[in-house]
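Following: one structure in structure tokens, then a few remarks.
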Amino acid sequence: MKWKKYTIETTTAAEDFMSSMLMELGIEGIEIEDNIPLTKEDQADMFIDFLPELPPDEGISHVSFYIEDDGSDQSDMLRKVKLGLEDLRDTVDVGSGVISSSETEDLDWINNWKKYFSSFTIGDILIKPTWEEVKPEDADKFMIEIDPGISFGTGKHETTQLCIKQLIKYIEGAKEAPTVLDVGCGSGILSIVALKLGAKEVVGTDLDADCMISTRDNMQVNHLDEKLGTFYVGNLIDDTELQKKVGTEKYDIVVANILADVIIPMAPVIPDRLKEGGYFITSGIIDFKENEVKEAIEAAGLKVIEINHQGEWVNITAQKLTK
């Protein structure tokens with residue numbers, strides 16, 4: 001299926017008026033591009049480690065919308081858009097108001113990413129996408145299959161690999177099968193690795209409800225009993241009901257492959273989740289945030305026992321010492 005993309009050059013002052021006008025005409029799927037700087041509140045809400053530098057804001061905005069290119073005459077719709085644009089001139093500076101057009105394919109965005117995800121190994125563990133066959137040379141490896149679906153997490157990212165290496169170390173080295181809390185479980189890859197390595201129970205949390213579906217599906221693909229995993233939607237940082245559901249002093253390992261700006265405010269709630277002697281394994285930490293995360297973990301009362309690097313990413317492992 002093809003789509004016509006129409007882009008209106010306007011001003012940042014008019015972009016909201018323009019969007020409202022298009023929606024009143026029944027047009028959905030509106031896209032706004034501008035260089036308005038983000039506020040500190042916006043940046044905090046985004047939970048990202050660094051922002052790309054934007055060009056200077058010159059007050060120009062591009063408002064785009066899409067109409068299915070089914071061969072029908074679109075001139076009437078465009079006429080209404082142009083009339084609406086002219087009406088707005090009485091209210092706000094709409095700038096040039098020039099409308100340009102282009103064609104775009106209806107790409108299968110849910111599946112196109114698959115060409116970038118292929119099998120890889122971490123030690124003796126083979127992590128492969130569900131749609132890929134096992135290569136003969138990998139037939140004797142310990143296999144985990146993952147289909148992230150529309151949730152985040154194939155396992156190939158350095159931060160996930162750092163966490164997996166630590167899970168291998170601390171689960172295989174445990175005297176008894178551990179219980180694991182996976183914060184920000186995503187596709188469930190770390191929960192599944194933990195269970196495959198011998199964890200007796202996994203609890204996972206994520207802000208995205210779609211992750212619950214992906215995690216359950218991936219557990220089934222890996223022939224894991226669903227009773228071994230319990231998963232909740234919510235924010236462990238400040239959701240007291242979720243904290244009650246997750247429990248206190250219950251876990252031998254808490255693993256969190258999330259961003260530094262999430263780990264820092266989350267650190268104070270981790271000690272209460274861990275048993276004495278339990279481990280907090282975390283990554284998703286860009287290198288220039290290492291000290292800040294380390295200080296937050298130590299301030300929460302945990303002892304940092306190991307720091308590992310892979311590329312520009314960092315793993316910090318800490319322990320809750322016995323009293």
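Cβ coordinates are placed from backbone N, Cα and C, and glycine is handled just like the others.
Residues annotated as S-adenosyl-L-methionine binding site in Swiss-Prot, with sequence analysis given as evidence: T160, G184, D206, N257.
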For the binding-site residues T160, N257, which Cβ has the most other Cβ atoms within 10 Å, all shown protein chains included?
N257
Reduced to three states, what secondary structure does DSSP give D206 (S-adenosyl-L-methionine binding site)?
strand
G184 (S-adenosyl-L-methionine binding site) falls, by DSSP collapsed to helix, strand or coil, into coil
